[in-house]
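Enquirer: Look at TrEMBL and you will find 27-93 tagged as domain 'Release factor glutamine methyltransferase N-terminal'. Summarising the annotation, TrEMBL assigns domain 'Methyltransferase small' to 115-220. Annotation source TrEMBL lists S-adenosyl-L-methionine binding site at GLU161, ASN213. According to TrEMBL, the substrate binding site annotation covers ASN213, PRO214, PRO215, TYR216.
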Amino acid sequence: MTPRPATTGPVSQPEASDSYPRVIDELRWAQTVLSVAGVESPRADAEWLLASVLGVERGRLAVIDTVDTDVRDRFRGAIERRSRRIPLQHIIGTAHFGPAELTVGPGVFIPRPETEFLLEWAAAQSSSLHRPAVVDLCSGSGALAIAVALMVPTARVHAVEKSPAALEWLRRNVSRAGAEVASRITVHAGDVTDLEQMRALLPVGAVDVVVANPPYVPSAADVAPEVYHDPSDAVFGGADGMTVIGPMLAVIAELLRPGGVMGLEHDDSTAAQVMAAVDSTDRFGDVRAHTDLTGRPRFVTARRVAGADDAHGRMAG
Ligand SMILES: C[S@@+](CC[C@H](N)C(=O)[O-])C[C@H]1O[C@@H](n2cnc3c(N)ncnc32)[C@H](O)[C@@H]1O
């Protein structure tokens, strides 16, 4: 797979007429630079970056007329980095996900807004339960685990992640969420495709809700240059996007209590494969496909059925 090149071209900077550059001129210049570089939302990114440099809310920019030259220089540096298609969140150092603010950088996947559909579903499933047990498989920065813990104040959440680098970000984000939230989240280093390991780490047969946003992009897919700043193990799921999803289903079936539910994000091209894989386990019912606001297939949910083997204890793997 070859990253799409970031296109850049010379764009003249606003005149340094005095020591108080105008915000309107800097933003106009930045928007042009980012637009030429192929950034999808050039104006919004320019505003986020200027707000970050100034240390203010983005909405405050409307009432700021000028900046000093130090701010201008730092802003232009940030725009230069963004024009090289370094993700906005790596430059700012944080990403917002539902009610959570997460630190992110090299070594961890940047949470995507589209995963908030899965978050909303998981929070709705959990909030009617008494002290729900929730598991977030492939936790990355902890986006889903932390946001669920924030949205469902009685939830006990287990977050499982394999990558040592991502685990550092995950642990940092859990502790930044505050003592009360952190006390309800347990972080596990582990491989979600390893059934024996997951049996040893997690509450088998006692989980109410499992959420997972695993690596699922088919390896030949054409992705934006920013995606190459995410760890490839976080993004790509083999030729068919199913390398992690397939084996993980046996783990999810093992963890859920009968009647427990799971939500699994997938590539928009693999909804049918994911539903077929879930069906083929014979351990889930009520299998449903969910789309996002643009109508693209986004995640699959299913309910754990009680199987014949359950009456005799642990099911065969
Ligand atoms: C698409 S990212 C999702 C991160 C986070 N849940 C989110 O929604 O932003 C997938 C994550 O799964 C982790 N991962 C990949 N394979 C794994 C495995 N076999 N076991 C556990 N984690 C794995 C990656 O390191 C990465 O952090």
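Each residue, glycine too, has its Cβ placed from N, Cα and C.
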Enquirer: How big is the gap, in Å, between the Cα of PRO214 (substrate binding site) and that of GLU161 (S-adenosyl-L-methionine binding site), rounded to a whole number?
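Expert: Given the Cα positions, PRO214 (substrate binding site) is 10 Å from GLU161 (S-adenosyl-L-methionine binding site).
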Enquirer: Using all protein chains in view, find how many other C-beta atoms are within 10 Å of the C-beta of ASN213 (S-adenosyl-L-methionine binding site).
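Expert: That number is 25.
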Enquirer: For TYR216 (substrate binding site), write down the residues of its own chain that are at least 6 apart in sequence and whose Cβ falls under 8 Å from its Cβ; none is a fine answer.
Expert: GLY237, GLY241, MET242, VAL244, ILE245, GLU265, HIS266, ASP267, THR270
Enquirer: Specify the secondary structure state of GLU161 (S-adenosyl-L-methionine binding site) as given by DSSP, simplified to three classes.
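Expert: Strand, per DSSP.
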Enquirer: Around the C-beta of PRO214 (substrate binding site), how many further C-beta atoms are within 10 angstroms, looking at every protein chain?
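Expert: Step by step: centre on the Cβ of PRO214 (substrate binding site), count other Cβ atoms within 10 Å, giving 20.
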Enquirer: Name the residue among the binding-site residues GLU161, PRO215 whose Cβ has the smallest number of other Cβ atoms within 10 Å.
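Expert: Minimum Cβ neighbour count within 10 Å, taken over the binding-site residues GLU161, PRO215, occurs at PRO215.
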Enquirer: Tell me the residue counts in helix, strand and coil for the domain 'Methyltransferase small' (115-220), as DSSP assigns them.
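Expert: The domain 'Methyltransferase small' (115-220) comes out at 47 helix, 23 strand, 36 coil.
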Enquirer: Measuring Cα to Cα, how many Å separate PRO215 (substrate binding site) from GLU161 (S-adenosyl-L-methionine binding site)?
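Expert: If we compare the Cα positions of PRO215 (substrate binding site) and GLU161 (S-adenosyl-L-methionine binding site), the gap is 12 Å.
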Enquirer: Taking every residue in the domain 'Methyltransferase small' (115-220), what is their average pLDDT?
Expert: 98
